[in-house]
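Listed in Swiss-Prot:
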- CYS69, CYS71, CYS87, CYS90: Zn(2+) binding site (BINDING)
- ASP489, ASP491, ASP493: Mg(2+) binding site (BINDING)
Amino acid sequence: MIDRYKHQQLRIGSVSPQQISAWAKKILPNGETVGEVTKPYTFHYKTNKPEKDGLFCERIFGPIKSGICACGNYRVIGNQKEGPKFCEQCGVEFVDSRIRRYQMGYIRLACPVTHVWYLKRLPSYIANLLDKPLKELEGLVYCDFSFARPIAKKPTFLRLRGSFEYEIQSWKYSIPLFFTTQGFDTFRSREISTGAGAIREQLADLDLRILIDYSVVEWKELGEEGLTGNEWEDRKIGRRKDFLVRRMELAKHFIRTNIEPEWMVLCLLPVLPPELRPIIQIDGGKLMSSDINELYRRVIYRNNTLTDLLTTSRSTPGELVMCQEKLVQEAVDTLLDNGIRGQPMRDGHNKVYKSFSDVIEGKEGRFRETLLGRRVDYSGRSVIVVGPSLSLHRCGLPREIAIELFQTFVIRGLIRQHLAPNIGVAESKIREKGPIVWEILQEVMRGHPVLLNRAPTLHRLGIQAFQPILVEGRAICLHPLVCKGFNADFDGDQMAVPFSLEMQAEARLLMFSHMNLFSPAIGDPISILTQDMLIGLYVLTSGNRRGICANRYNPWNLKSYQNQRFDNNNYKSTREPFFFFLIHVMRLELMGRKESIQIVLCDSGGNQSNALLLQEKLPSKFTMNLRVPIMRFMDIIQQQEVQKKKFFVYTFEPLLVIFLFTEKSKKLYKGFFGPTHMIPNHMVSKLKNSMTPI
């Protein structure tokens with residue numbers, strides 16, 4: 001169990017089989033050693049007690065009730081005069097039941113099994129160290145390939161050693177048929193190597209320091225060759241150099257952490273404490289079990305079957321032994337990471353089992369949900385909103401959060417100013433929230449920075465310090481320029497406000513937001529405009545635009561009065577709401593011979609107008625609603641050869657004028673939409689002169 005007062009950090013890595021055994025083994029007073037889980041059972045269906053040597057065994061993992069063994073005997077915990085520490089009949093230790101939260105067990109595997117994280121995860125650590133393709137290693141692990149052992153002085157079984165290379169698979173269908181289980185095991189251990197045992201042997205033979213030296217020499221040789229001029233060859237050399245760098249870094253990491261490469265192949269499989277994979281009884285007597293229990297049972301079943309084939313059965317073909325080894329490997333893979341090799345394992349309801357990887361990774365995993373996401377004293381949490389009027393180093397703190405964070409300081413201030421005789425009276429004054437409380441709170445907040453933390457904290461700028469100020473409401477106000485460091489936006493993100501004395505000293509020196517203007521990873525500016533600010537600037541600076549980008553404060557729009565309409569009844573200028581306008585529809589019929597015409601749509605001021613000219617009427621959902629969101633309409637100047645055609649004009653302008661200019665007659669025809677409005681002659685001539693005959 002990790003002592004929180006002695007250990008301030010956590011490291012995850014590979015461990016030796018001896019360490020796994022030391023975690024679980026216990027020696028009873030009679031000399032018996034317990035810790036190995038050998039049976040796939042959980043609870044007895046009649047007595048409802050854990051099965052001996054099963055996944056919930058009290059001898060291995062500790063008693064279910066503190067101080068009570070499986071027989072029902074009771075001992076006072078920690079009392080040496082009561083008698084022995086273990087029950088002489090059932091072998092259960094008289095300890096606190098909380099031991100079942102951290103006491104582990106182990107499964108002794110009948111064959112070595114590779115850890116799927118080191119084999120299948122990219123980049124594959126095993127493939128990097130052995131310098132072999134991942135596909136070949138997978139075939140070796142799952143007994144599809146084999147290779148000949150390097151025997152020099154011993155006599156070989158066959159003269160043709162080449163038939164045992166993993167590229168030639170003829171031996172799989174002929175050799176095992178002539179051996180019993182013991183005979184094939186002897187032959188295989190002497191002549192060939194396959195399965196995870198072959199990987200373990202190769203990893204054990206590695207000398208990491210020599211591997212680093214060889215990699216450095218090869219990298220230098222590739223660098224001295226230079227470019228060949230062949231693009232494909234140059235890429236191949238570049239990939240090889242990158243691989244050598246990764247290989248050297250991995251080997252150095254193994255040396256620094258004192259981890260042996262062969263530990264990536266498991267001989268002992270750790271079993272999690274029972275409290276971390278519980279079985280719970282619900283209403284109606286039904287039991288709910290963690291998925292990991294079912295995956296452990298699958299491993300134990302297959303491992304026991306393989307053990308029986310290797311020890312008790314004498315007539316089992318060697319091929320069946322290899323198939324069972326493959327099943328054990330697949331069962332352990334499913335336990336560690338379900339679905340990493342393809343189709344995941346499912347239960348009877350077609351639901352995917354949650355493996356060990358699923359339990360610890362992700363937002364709802366063990367680390368982020370339970371360890372990193374825990375609440376601490378003197379902290380609060382609320383939604384963030386934009387505060388553009390704030391300074392870069394300030395944040396707006398809601399009154400409810402601030403009074404809770406600084407409550408102890410406010411109590412001290414009330415007592416020092418003789419406004420409250422004791423803590424109880426001071427707390428009652430705080431609950432009343434009088435004006436003096438807010439004055440003392442503001443005085444206290446001037447010298448106390450706070451930390452804002454947004455999960456997930458993936459880099460250093462996920463936590464920054466700010467000088468708080470009181471704001472109304474229940475949301476934390478944040479300057480928009482610091483959002484990129486937090487990877488935050490204002491669509492409901494929540495932030496935590498931790499508070500402690502050590503935090504204040506570190507915050508003043510290192511963590512104020514105005515001291516973290518650049519990214520520590522790449523050095524680029526981190527306090528830059530993002531998301532909402534960029535959209536707002538685009539809208540504010542967009543030119544002569546209609547639709548959703550229209551802005552009444554834009555000088556382009558003010559100049560042309562695009563949002564303005566005239567009421568002919570009282571001749572008063574009015575404006576439509578900013579986001580919604582009226583859409584006017586007009587049916588236009590053109591009569592004439594086959595000739596080209598030019599259609600120009602103008603408003604009452606003679607300016608070219610935005611409108612949509614269609615030969616077919618739009619669906620009713622566009623035309624029946626008088627008020628619809630602003631749509632962007634294009635300027636229509638098009639040629640049509642008409643005899644009698646019908647057009648529909650959609651526009652925002654109630655006083656639209658349609659000018660038709662024909663090529664042959666060189667005449668200008670005009671029509672009106674809306675109330676009759678006379679166009680001055682000089683405007684008509686101006687428009688006629690501006691049009692070029694087609």
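From the backbone N, Cα and C atoms, a Cβ is placed for every residue, glycine too.
In this structure, of the binding-site residues CYS87, CYS90, the smallest number of CB atoms within 10 A of the CB marks CYS90. Those residues of the chain, other than CYS69, CYS71, CYS87, CYS90, with a C-beta within 8 angstroms of the mean position of the Zn(2+) site C-beta atoms are ALA70, GLY72, ASN73, GLU88, GLN89, GLY91, VAL92. Classification of CYS69 (Zn(2+) binding site) by DSSP places it in coil, neither helical nor stranded.
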